[in-house]
Amino acid sequence: MAAEEDGLLKRALVPLLLPEKCYDQIFVQWDLLHVPCLKILLSKSLGLGIVAGSLLVKLPQVFKILKAKSAEGLSLQSVMLELVALTGTMVYSITNNFPFSSWGEALFLLFQTVIICFLVLHYRGQTMKGVTFLACYALVLLVLLSPLTPQAVITLLQASNVPAVVVGRLIQAATNYQNGHTGQLSAITVFLLFGGSLARIFTSIQETGDPLMAGTFVVSSLCNGVIAAQLLYYWNAKAPHEKKKQ
């Protein structure tokens, strides 16, 4: 019975959360303080938690736009630049065969960001532009993931993530400052993105060892922190049309 339970535990943990040698180190030799294996376990658990959370992280933003029938306060340029950064991270990770737990949230955030881009255009009365954008983006993504795209181009795209994230967040921060409020920005989405990017610094170092990936998440955390701070600062500020309703 004990052997059967041990087998079930092993199948649950190996290789999803632990390599076999670490499983033996912790659960066979009972070396519960083996630091390298504990780092792997923590990194894998955090990574999978971030990936699971990313399934829902931008839905509050989507629902807030749909409920208000407005994308006021959201900068289209900022959202587009975020999409560029997510695309670069996903394509770079796939082509380098990084573990899914180290980048999987980029896939789900990418789809949600595409939806937000379309909604911003739609509620600005540019629905056809939105449809064209969806078609063009799908085509670009297919080309990037195909063997037609050289590895040097993929690496350059990932390297462009840092300026894309910085410029995108600065545009959103400037929009918030000029408006004197954060409009339809979702606090839940912003704070989840901030927390996720902080955790990703550790997991990217642990699982990929890629300084380009880790550096991107350091910069992303700083920029997300600025937007989160603005949300707190403008917490009670209302958009002009909301003041008129009152």
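The backbone N, Cα and C atoms fix where each Cβ goes, glycine too.
According to TrEMBL, the features are:
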type	residues	note
TRANSMEM	71-94	transmembrane segment
TRANSMEM	106-123	transmembrane segment
TRANSMEM	130-146	transmembrane segment
TRANSMEM	152-171	transmembrane segment
TRANSMEM	183-202	transmembrane segment
TRANSMEM	214-235	transmembrane segment
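With a threshold of 8 Å between CB atoms, the same-chain residues lying at least 6 positions outside the transmembrane segment (71-94) that come near it are 65, 102-103, 106-107, 109-110, 113-114, 116-117, 119-121, 123-124, 137, 141, 144-145, 154-155, 157-158, 160-161, 164-165, 167-169, 171-172, 175-176, 179, 181-185, 208, 212-213, 216, 220, 239, 241. Residues 85, 89, 158, 161-162, 165-166, 168-170, 172-173, 176-177, 180-182, 185, 187, 190-191, 193-194, 197-198, 200-201, 204-205, 208 of the same chain lie 6 or more positions beyond the ends of the transmembrane segment (214-235) yet place their CB under 8 Å from a CB of it.
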